[in-house]
Amino acid sequence: MKHAENEYLNLCRHVMEHGTKKEDRTGTGTVSVFGYQMRFDLSKGFPLLTTKRVPFRLVASELLWFMKGDTNIRYLLQHNNNIWNEWAFKSWVESDEYTGPDMTDFGLRSQQDEEFKVQYDKQMELFKKNVLEDDDFSNKYGYLGDVYGKQWRAWKTTAGETLDQLKDVIEMIKKTPDSRRLIVSAWNPEDVPSMALPPCHTLFQFYVADGKLSCQLYQRSGDIFLGIPFNIASYSLLTHLIAHECGLEVGEFVHTIGDAHIYTNHFEQVEKQLAREPRPFPKLTLNPDVKSVFDFEMEDLTIEGYDPHPAIKAPVAV
């Protein structure tokens, strides 16, 4: 039987073989395709990729952060999650208050210049310490703008009210499961210019059939090697959590990507991953005593039977 991970591996192959060379915002360069879809049957295992280690702890803590409506990296740092650091750090080193060494283009320079990387690492550690320990600094520079959590939980209306999209969609799933309006959007055009990173995973929709909850994500932009493995696991986890509260089984996670791209400095890593054979997907177990999705904490989420190939490191394009 075909392993479900081939959905992702086939995406990698397709883009490597048929992708168009494009320039990008980060200056790194990519090959990309437009419009690609993958499907994962969540009843047959939790799609945490096995051809390289994907850290479930980071996936889960980021999702819980989104669900809390938080937009400050302090919560993530408190959970030893550094995946958003670079975007907050960028706003700090570009501010008038920053007086340290020049950090222009720190993403590329830290990959190419060992001497600069030492300076960068030192400044990043100081930045993280300040976010964790200084409330005023954290409020100003740990804040990422009105990113995912704010849009999910407190979308501002023109009337000055706030909409809790995530809470509302859960109630709709319970009361009107056949609705075609089971949608949450993170793309708020008015807020996009002030966000540290405009939403890559833009909009998701739920679908209930035969007692099963499915989810489709539309992702405007997908970093295939680093980002998409996280997105697959994150929205699969979200589907499990909401199905749990609503008394449903899990169905499919459908992942639709607009610009699906591989950065040119990830080619070697992708080839290494493609040479590996997938292993069985793990099982996700949720604490049955937790009834609301908003009450889950890290200790309530357990992954069992995860035996991946080793991690493959790659630089992040900022």
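Heads up, the Cβ atoms here are built off N, Cα and C, so glycines get one too.
Marked as active site, nucleophile by Swiss-Prot: CYS200. Note: CYS200 (active site, nucleophile) has non-local neighbours GLN219, ARG220, SER221, GLY222, ASP223, GLY227, ASN231, i.e. same-chain residues 6+ apart with C-beta under 8 A of its own C-beta.
What Swiss-Prot lists as dUMP binding site is ARG25, ARG180, ARG181, ARG220, SER221, GLY222, ASP223, ASN231, HIS261, ILE262, TYR263. Secondary structure from DSSP puts SER221 (dUMP binding site) in a beta strand.
For ASP223, ALA317, the entry in Swiss-Prot reads (6R)-5,10-methylene-5,6,7,8-tetrahydrofolate binding site, with the evidence type sequence analysis.
The Cβ of TYR263 (dUMP binding site) has ASP24, THR26, THR28, GLY29, THR30, ASP223, PHE225, ALA314, ALA317 as same-chain neighbours under 8 Å, each 6 or more residues away in sequence. DSSP assigns HIS261 (dUMP binding site) to a strand. Take ARG25, ARG180, ARG181, ARG220, SER221, GLY222, ASP223, ASN231, HIS261, ILE262, TYR263, the residues named in the record as contacts for dUMP: the widest Cα to Cα gap among them comes to 36 Å. Scoring each of the binding-site residues (ARG25, ARG181, HIS261) by how many neighbouring Cβ atoms lie within 10 Å, the top position goes to HIS261.
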